[in-house]
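Annotated features, as they stand in Swiss-Prot:
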BINDING   THR67, PRO68, ALA69, GLY70, GLU71, GLY72, LYS73, THR74  ATP binding site
Amino acid sequence: MAYKSDIEIAREARKLPILEIGAKLGIAADELLPYGHDKAKVSQGFIDSVQDRADGRLILVTAINPTPAGEGKTTTTVGLGDGLNRIGKNAMICIREASLGPNFGMKGGAAGGGYAQIVPMEEMNLHFTGDFHAITSAHSLLSAMIDNHIYWGNEADIDTRRVVWRRVVDMNDRALRQITCSLGGVSNGFPREAGFDITVASEVMAILCLARDLKDLEKRLGDIIVAYRRDKSPVYCRDIKAEGAMTVLLKDAMQPNLVQTLENNPAFVHGGPFANIAHGCNSVIATKTALKVADYVVTEAGFGADLGAEKFMNIKCRKAGIAPSAVVLVATVRAMKMNGGVAKGDLGAENVAAVNKGCANLGRHIENVKSFGVPVVVAINHFVTDTDAEVQAVRDYCANHGVEAVLSRHWELGSEGSEALARKVVELAESGKANFAPIYPDDMSLFEKIETIAKRIYRADEVLADAKIRNQLKEWEEAGYRNLPVCMAKTQYSFTTDPNRRGAPTGHSVPVREVRLSAGAGFIVVVCGEIMTMPGLPRKPAAETIRLNDAGQIEGLF
């Protein structure tokens, strides 16, 4: 049977005017700032007007360790949101915006798939409302002002060997990881080593996604540490006097983007930090606004539960003062087989033994999610190659671990295929069983926080960090940053730092290569193993097959 591509399905969508979608949420037309007919930003005035309302219930969608193609977490988020609306609940979806890097690399878009998509899919996966461009511009403005400050006399006494603010671009470009800038003579400034990260790893992105409002945004931007002096004291963004202009560039980007699903249900798509190199959650302002206008809010956290869900619980919920009522853990038969040792080219063949072996990965994630005090249901995201025996193996494994596994066919059937999952989520959310708590307290030392995540979530025996890293953490504690959470940057494919080590390994070590203080965002980034904050393109990037056809339509964008 031939199935339509995601882009073909999205083009057939019968979209409602965005003003009608806003009306479903009680947003008046003059409180929406339309970008065409099918997307709009929500005004700060409306956001302020709903702050006294009670919150709805928050549902987190996370996943097992993914295959390179992903396991349909966004697709499940969209399908569940549609399913909740189908059974009569007032539900809304909150997801992240797509980065151009993976769109043209190998992962593809971020709007869902099949009949569980958010539209307009093509615009969302490209420039959308320009938020990423605004973030890149604000980040680049600070970069330019730092070197300009040094050029015109260096009043802040910046040690040019200790400029820690890297540049960004929203593209996978390994050639920019390490560069030398200001070459070409005296008129171009003082040459120094520098480098680029991808925009989604920018501290500006994290700040936008964690800020409560424009005032909080400006303060956080001012708190960014951009460099150090010769006496090792920090130089802040506010010392360069850049935070005001950066806030101006980000003014519109701070407003959540309203769009719709294929079934005309409302969705906020706002912010986009990666979960392997950043905190992996959509914006706090979008999530908290959604909780004021919907009874159920379905959101996702990037990659597997060891990364995105851990950061959602320990960083986003802690910072925003929110808590999930239930967690949906997305699993696929093909990921079970890959974690069971099956090669990528053989994932389409039935292999119940490999499924049973790979379920150890699922079991580890179930245990980890439960450790935060939140009830969990496993969603088996159905693929056409799944066999009844393989699906039953996953069901049986989950039953033996005290959770229910629900087969969901939202990719194929839309909300009709996710109705059973939606009913189970409502049952869990309304059971009152949630007793959420982060897994470490604010006042724990920074290194102990790293160890807690490594040992309790990754099941490592030890954290390997040299004296330089340990001393740096102690210096930050003495400077008043002890209470910050830690943001682990590591591979998404494994509980270890080795992307090829599948399943549920124990007894391994977590090597810490680098630590970075994101004082504006309010967390410590811990870079583990070989993870890069500037990805590279694969041997055959998706960009090679993306083109405009003779009718002016985009082809190849999934």
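A Cβ is built for glycine as well, from the same backbone N, Cα and C atoms used for every other residue.
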Cβ neighbours of GLY72 (ATP binding site) where a neighbour is any other Cβ within 10 Å:
28
Other CB atoms, at most 10 A from the CB of PRO68 (ATP binding site):
12
Using Cβ atoms only, which residues of the same chain lie under 8 Å from THR67 (ATP binding site) while being at least 6 residues apart in sequence?
THR332, ARG334, ALA335, MET338, LYS344, LEU347
Looking at Cβ-Cβ distances, which residues of the chain lie under 8 angstroms from THR74 (ATP binding site) while being 6 or more apart from it?
ILE95, ALA110, ALA111, GLY112, GLY113, GLU300
Within 10 Å of the Cβ of GLY70 (ATP binding site), how many other Cβ atoms can be counted across all chains shown?
21
